[in-house]
Every structure is written in C-alpha cells, then in structure tokens.
Amino acid sequence: MADSLRIALAGLGTVGAGVIRVLTENGDLIARRAGRPIEIVAVNARDRSKDRGVDLSGYAWEDDMAAFADRDDVDVVVELVGGSDGPALALARKTLAGGKGLVTANKAMIAHHGMELAEAAEQAGVPLRYEAAVAGGIPAIKGLGEGAAANRIERIYGILNGTCNYILSQMEGSGADFADVLKDAQELGYAEADPTFDVEGVDAAHKLAILASLAFGTRIDFGAVDCSGISAIRAADIAQADQLGFVIRLIGLADCTTDELGPRLFQRVAPCLVAKDHALAGPKGPTNAVVIEGDHVGQLLLQGAGAGMGPTASAVVADLIDIARGFNPPPLGLPAAMLQPSTPADPAGRRNRAYIRFTVADRPGVLAEITAALRDAEVSIESLIQHGKPGEDGEPVLVAMVTHEGPEGSVAKALDLLAGSPALTEAPLVMRLID
Ligand SMILES: NC(=O)C1=CN([C@@H]2O[C@H](COP(=O)(O)OP(=O)(O)OC[C@H]3O[C@@H](n4cnc5c(N)ncnc54)[C@H](O)[C@@H]3O)[C@@H](O)[C@H]2O)C=CC1
Ligand SMILES: N[C@@H](CC=O)C(=O)O
Ligand code: NA
C-alpha cells in the first residue's frame, strides 16, 4: 500500500474528536477505500489536559496550531477550530501558502474568505475541501459540485441549520420553551460557539453563500444574503401555522437570473411556513435537507444529519479520502478567476403568499389601520387567522393573517406605511409560504 496521508488536526471539540473516532474505528476500511492509510501525526486544541474520550497519546501535541504548516511530516492540515478570522484563518493561509492541503468544516471562514483561500490553493496546486462546512454529513458540496455538475442549476434551497431545525421541531412537538431547547442543542454539540449565529440565521447564510457560488458559478457574496433567523418566532406562530396545515422551518434559498448587467443573485435565509406534505416539512431534529434543481436532472433531494459529531466527522474524513486518492478539483467548482461577480436581485417582484403577524396595542381602530395600509399597498388578505384574545391590563395582542399570492414589494410597501405607527408594539413578522 502507498505511503500514508499524514494529517494534523487543529481543534479537538465535537468535530475534531469525532474525526479521531472515525479514523480509529474505521481505519482499515478507510485505508482500503483511500488506497492508503490516513494517519494523524499531530494535534492541537486550547486545553491539552481535557478529557475528550479519545486517546491522544499516539500524536504529537503542538501548543500553536500554526506550527502544523511548518512540519515536514504533515501533508494535510484539518482545521476544526471555527471562527471566520483569528487563528483558523491564519492557519488556513499559512497551510496553503506552504503547499499543504487544507480540510475544514468552517463555513464562516469559507463564506468570508473562500475566494482568497481558493485562489491560494489553486496557486499552490493543493486541495482545499470543506464538505463538512455545508449541511454537516450530507454530501451537499459533492452533490452539487460533482453529482449535478452536468446541469445548469436553476435553484437551490433547503434546511441548512441543524440547531434551528432542532429548536423548531422540538417546540412544535412538545411546546417546549425556546431557551430550554437551545440549551439542549448546545449540549448535543449542534450549536456554534456563539449560538446567535444559529438562531439569527447567520450560520445558514454562510452555507447558502457557499452553495450559491458553487451552483451559479458566481463569486461568494455572503454580504448580499438577506438574512433573518428564528428568534422572533413565538409558540403562537407555531400553533397558528399548525392549524393552517404548515410547519415553520428556517429555509435558505438561492436562484440566479442573468440580464445585460450579468448575474442577478437572489440569496435569502428566513423562517417560512412549509406545507406539512412538502419534503422540507419532514426533517426533524438536527436534520438538514438540500434541494437542487437542475435543468436535466430535475429535482434532487439530499437529506441527513446537518450537525453533530459523527455526521460532521464523516464528511471531514470523506474529504481526506478524496485527497488520499489524488482528487483535487477547483475548490469552488470552477477556477476562482472564472467565477463571476453578481449583483443582488431585487426581491420586490417575487410572488408568494405570506403570513404576517402584527403585535398591536389593544385598542379600537388598530385593525382598521392595518387593513387600510394593506389595501393601499394592494395586498389582498386571504384570511385573518387570528385576532388575539383581548389583552389584559393593556397587554399587546397578536393579529395574524395570510395574504393571497402577490409581489413581495406590495407587502414591503404596506409595512413601510405602518412603520412608526403607535398601533404596532413591535416590528411585524413576515414568513413566506412554501406549498
Ligand atoms: N458541531 C457541529 O455539528 C458542526 C460544526 N462545524 C464546524 O466545525 C468547526 C468546529 O466545531 P465544533 O467541533 O462544534 O467546535 P467546538 O467548540 O466543540 O471545538 C472547537 C475546538 O477548537 C479549539 N479552539 C477554539 N478556539 C481556539 C483557539 N483560539 N486556539 C486554539 N484552539 C481553539 C477548542 O479548544 C476546541 O478543541 C467549526 O468551524 C464549526 O462551525 C461544522 C458542521 C457541524
Ligand atoms: N451549528 C450548525 C452546525 C453545523 O453546521 C448547525 O446547527 O447546523
Ligand atoms: Na456536507
């Protein structure tokens, strides 16, 4: 058998410890499939003495992860530290500049610096792989970049954050409290080091920006993702959605049209009402699902665990197996220099039905003010689905409605007309319907 692929592991948390487990438990099988063994040479984390349930005694310990890039006995550095900048980025840059391959699960870093890192990898002729960064164990990067490579991609969308899906499905299943469920997700190793990245949609936006680049051949443009999370969703919204035949899911969606100015890229992460019989309503817990629509293949649905130790480590090791086999495609599907700059698409003309929840002062005339704004903006109401119980002691009440299909610009105009109204005690929540 050929010489082993020698790797160094930076970060020994949920994913790092998982990679050691996978390589230890399935080492022989992996070596046969890869054509050579994958051997961990050196490791690094913040705390050397911490018990991680894995045996580190066979590996060299480096106090400074940057030292991996200088070691002659390392072929590939595996970065499982996290953070878009800081030590992870410094390590990535030094690794690629030094002519070693890089495997990472770090979507924040790829979303922010993927263009630069892809260029550096191409220049050095070394692999840069990041399957674990998008949808955890699901082969979403491979699915798009290899399986669907023959297609013009029309749209890509799905559930891209395991923590949010866990929170939403637990809340709908048990009526559990948001904060308690988030705490469980953190304990189970699903959440980011800063969980606001999960609940505010930023993590899903990182992943969507990467997928959009691969799907449409455009430069990664994380800053252009229209992003909102699930923190404004209340138990009342989930109950209301249920009665209407929907569940609430955080959905990332990207599509791209081209006009005389070049590609117009639409990228949005937002909670949506998904019809219960839709494929994206099924996934519960940390499950992710990615729908790829190609002009020849039609619709592909990739589904599986989007977070957690085993699934994420499985994706990291799959990348290492590819590298051991000598597979080194351009990191972003096309050579980085061929990726086109895009302009964000104007969403105003997009047509859909919307759920709008207003939180209002409990006084006469409020509903009339809201419906007048909707009328003036030409938003047609399909149903007024809740007029909350009269508030006690002046408590605000919830008024929710579903619109007929219409342009997003009209809903935006209605909300503009209502902006600053003393009738509204907080910003309205808009969720589009997917059915
Ligand atoms: N946990 C999950 O389900 C998934 C995580 N990821 C990504 O994988 C990466 C790692 O995530 P987790 O293993 O969950 O994180 P974690 O917090 O469990 O582990 C992080 C590791 O990096 C080390 N570390 C952090 N900052 C450091 C610093 N400044 N200097 C030295 N060491 C440092 C910690 O000591 C720890 O060993 C992140 O980029 C995350 O976004 C990707 C997909 C799924
Ligand atoms: N925090 C992320 C982990 C995987 O990417 C998530 O919850 O999906
Ligand atoms: Na993946």
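Glycine too: its Cβ is placed from the backbone N, Cα and C atoms.
Residues annotated as NADP(+) binding site in TrEMBL: A10, G11, L12, G13, T14, V15, G16, A17. The annotation NADPH binding site is assigned in TrEMBL to K107. Annotation comment: TrEMBL describes E192 as L-homoserine binding site. Per TrEMBL, active site, proton donor is recorded for K207. The domain 'ACT' annotation in TrEMBL covers 355-435.
TrEMBL feature annotations superimposed on the structure.
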residue	record	DSSP class
A10	NADP(+) binding site	strand
G16	NADP(+) binding site	helix
K107	NADPH binding site	helix
E192	L-homoserine binding site	coil
K207	active site, proton donor	helix
Among T14, G16, E192, the binding-site residues whose C-beta sits under 6 Å from ligand 2: E192
Which listed residue (T14, V15, A17) has most other Cβ within 10 Å, given these are binding-site residues: V15
Binding-site residues whose CB lies under 6 angstroms from ligand 1, from A10, G11, T14, A17: G11, T14
Additional residues around NADP(+), ordered along the sequence, whose Cβ is within 8 Å of the centroid of A10, G11, L12, G13, T14, V15, G16, A17: L9, G18, V19, A45, R52, L80, V81
Cβ neighbour count within 10 Å of G13 (NADP(+) binding site): 17
G11, G16, A17, K207 screened against K107 (NADPH binding site), Cα within 10 Å - retained recorded positions: K207
CB within-chain contacts under 8 A for G16 (NADP(+) binding site), separation at least 6: L9, A10, V43, A45, R52, V78, L80
Packing count at K107 (NADPH binding site) (other Cβ atoms within 10 Å of its Cβ): 29
Cα-Cα distance linking T14 (NADP(+) binding site) and the residue listed as 'L-homoserine binding site', given in Å to the nearest integer: 11
Number of other Cβ atoms within 10 Å of the Cβ of K207 (active site, proton donor) across all protein chains: 30
Residues in the domain 'ACT' (355-435) grouped by DSSP into helix, strand and remaining coil: 25 helix, 33 strand, 23 coil
Integer Å distance between the CA atoms belonging to K207 (active site, proton donor) and G11 (NADP(+) binding site): 20
Across the domain 'ACT' (355-435), average pLDDT on the 0 to 100 scale: 91
Those residues of the chain, 6+ apart, with a Cβ under 8 Å from that of L12 (NADP(+) binding site): I20, V43, N44, A45, K50, R52, V54, L56, L80
Rounded Cα-Cα span from the residue listed as 'active site, proton donor' to V15 (NADP(+) binding site), Å: 17
